[in-house]
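The carbamoyl phosphate binding site annotation in Swiss-Prot covers R55, T56, R105, H139, Q142, G267, P268 and is backed by sequence analysis. What Swiss-Prot lists as L-aspartate binding site is K83, R172, R226, and the listing cites sequence analysis.
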Amino acid sequence: MKHLLSIADLTRESAVELLDEAERFEQALLGREVRKLPTLRGRTVMTVFFENSTRTRVSFEVAGKWMSADVINVSASSSSVSKGESLRDTAMTLRAAGADALIVRHPASGAAHQIASWTGRQDDGGPAVINAGDGTHEHPTQALLDALTLRQRLGDIEGKRIAIVGDILHSRVARSNALLLSMLGAEVVLVAPPTLLPVGVSSWPVSVAHSLDAELPGLDAVLMLRVQAERMNGGFFPSQREYSINYGLSEKRLALLPEHAVVLHPGPMLRGMEIASAVADSTRTAVLQQVTNGVHMRMAVLFRLLVGAEDVAG
């Protein structure tokens, strides 16, 4: 694997290996007074974010630093992109500056793929490119950390029924999770109003439903999504209140879930809209576990791309 641009870059076997790798990193760090491994010493990791981020950017930075990499942050507002430089010129500049890995977030779908095609393969000196979210397309490391969290909470993903609820249309998280969780043997159902489902969703390995209440009693997990108002130019539902009434996870709806079921959210959460504060803070919600797992999972991804299958503590 030269890059991680899409869930399509993974097989079921390689995805499971990454989940296992992340847990090995977690174990390798346990009990260390200084959380530092020499794994990526001498490697340069650059985060290149053209959209705002808290969880993804911070976890990649922490992941790189915990493996002793030199981590450099590049933001659109402080780079020459703000002066009109093209994305290609920026990417080639970062390659020439010695990047071993480029972690890219961009509002345009396909941007990470394009950067990977420009900067070349690692075997000809090009950096590994990791898609940290491209438009409404994909967010593969988010899906991996969600799968890790589900495996830890449920014991296994095979055969589990998992709902992805909310703004499917604008969600790269929904697409990557649908592909990965289905690959790992889960039964995935998308729950959303028709206006928030993408064209072509019938080709996804999922089923579709419009009633959240009808689905909740049969679920093992539910992944709640934020309504991405910043990507909307028109009215996709009558009002926030009506959306919350029909698709928000309230305390009453939480009680409809089986006792073992877990609630996930990729963040940021809009409390009071897609999830009630009491639900967000419930022990049945794994939001902070997702953040912790995000660091270990991104350590695993960087390790696999830059080093390969060796001793994680080495």
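Yeah, the Cβs are placed from backbone N, Cα and C, and that goes for glycine too.
The binding-site residues under consideration are K83, H139, R172, R226. Their Cβ neighbour counts within 10 Å are lowest for K83. Taking the centroid of the Cβ atoms of R55, T56, R105, H139, Q142, G267, P268 as the carbamoyl phosphate site, the other same-chain residues with Cβ within 8 Å of it are S53, T54, A132, G133, V173, P266. Counting Cβ atoms from all protein chains shown, G267 (carbamoyl phosphate binding site) has 18 others lying within 10 Å of its own Cβ. Secondary structure at H139 (carbamoyl phosphate binding site), as computed by DSSP, is coil. Residues K83, R172, R226 are the ones the record ties to L-aspartate, and the longest Cα gap between any two of them is 32 Å.
Shown in sequence order, T56, G133, R172, V173, S176, N177, P266, G294 are the residues of the chain, 6+ apart in sequence, with a C-beta less than 8 angstroms from the C-beta of Q142 (carbamoyl phosphate binding site).
Of the recorded residues, R105 (carbamoyl phosphate binding site) and R226 (L-aspartate binding site) place their C-alpha atoms 18 Å from one another. Rounded to a whole value, the Cα-Cα separation of H139 (carbamoyl phosphate binding site) and R226 (L-aspartate binding site) is 15 Å.
Secondary structure at T56 (carbamoyl phosphate binding site), taken from DSSP and collapsed to helix, strand or coil, is helix. Most other Cβ atoms within 10 A: among the binding-site residues R55, T56, P268, that distinction falls to T56. Of all Cβ atoms in the shown protein chains, 25 besides its own fall within 10 Å of the Cβ of R105 (carbamoyl phosphate binding site). Under the three-state DSSP scheme, R172 (L-aspartate binding site) falls in the helix class.
For the pair K83 (L-aspartate binding site) and R55 (carbamoyl phosphate binding site), the Cα-Cα distance reads 27 Å. A straight line from the CA of R226 (L-aspartate binding site) to the CA of P268 (carbamoyl phosphate binding site) spans 7 Å.
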